[in-house]
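Enquirer: Got a structure for you, written out below as structure tokens; questions coming shortly.
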Amino acid sequence: MLETTIDFSRYSSVKIGAPLKVSVLENDNEISQEHQIIGLANNLLIAPDVKNLALLGKNYDYICDKGEWVEVGGAANASKIFNYFRANDLEGLEFLGQLPGTLGALVKMNAGMKEFEIKNVLESACVNGEWLEKEALGLDYRSSGFNGVVLRARFKKTHGFREGVLKACKSMRKSHPKLPNFGSCFKNPPNDYAGRLLEGVGLRGYCLKRVGFAKEHANFLVNLGGAEFEEALDLIELAKTRVLQEYGIHLEEEVKILR
């Protein structure tokens, strides 16, 4: 098993973190339950002393036509998958043109934009070497019900790439900030929006040391420059406390915190 050092202050999308050892996994038999897969670190906040980090290597970066479905390796990124579906006139993953991440993380969090999400197109996934049908994965709003590493997945093939869906997803992205961030900080509560709640407690544009909630959209935690893990964690906890006190609603993080 190979090992490398990754500086997460450069590698992660929010540009917060420290140089850490990361195992590079190239075969199914190298996977263990202890591994915390980082992918492209787009939706992660990583503590400076976390252990057992790993990523899937080049053997998992592939897309293959299997006749009735398309098989995608766990390390293939969203852009690569989007381009394949568009080039082959396949519908269902148009939203990946506006999302970051690798296949494994996209399945694990049932990634999506509004009503467009992974589970609508997914057929099955290979988790820790075992193929599971979609129904067994417990996919829900930005979450799943399984433990383990997604090594590959299969998607149904329906012809007819939808340019209108891509256009709608591009429009949604216009409100996203340019500063380093990890996407939505919190999941939307049932029948409400995390951004509305955060704005309601005065956190839109609010700064705490070197982190803040974006002026463009309150549900985006941004790195103002040189921020550290504890600063981001403090702001997340502050937001949860304020929203709970004002609205009686427990906000749940969409960002995955590794510590």
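Glycine residues also receive a Cβ, built from the backbone N, Cα and C atoms like all the rest.
Got these off Swiss-Prot a minute ago, pasting:
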| type | residues | note |
| --- | --- | --- |
| ACT_SITE | R142 | active site |
| ACT_SITE | S184 | active site, proton donor |
| ACT_SITE | E254 | active site |
Enquirer: Going by DSSP, is E254 (active site) part of a helix, a strand, or coil?
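Expert: Where E254 (active site) sits, the three-state DSSP reduction gives coil.
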Enquirer: Below 8 Å Cβ to Cβ and six or more residues apart, same chain only. Which residues does that give for E254 (active site)?
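Expert: Residues satisfying the criterion: N43, M109, R142, G183, S184, C185, F186, K187.
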Enquirer: At a 10 Å cut-off from the C-beta of S184 (active site, proton donor), count the other C-beta atoms across all protein chains.
Expert: 19
Enquirer: Tally every other Cβ atom lying within 10 Å of the Cβ atom of R142 (active site).
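Expert: Taking all protein chains shown, R142 (active site) has 19 Cβ neighbours within 10 Å.
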Enquirer: On the three-state reduction of DSSP, what should I expect for S184 (active site, proton donor)?
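Expert: DSSP assigns S184 (active site, proton donor) to strand.
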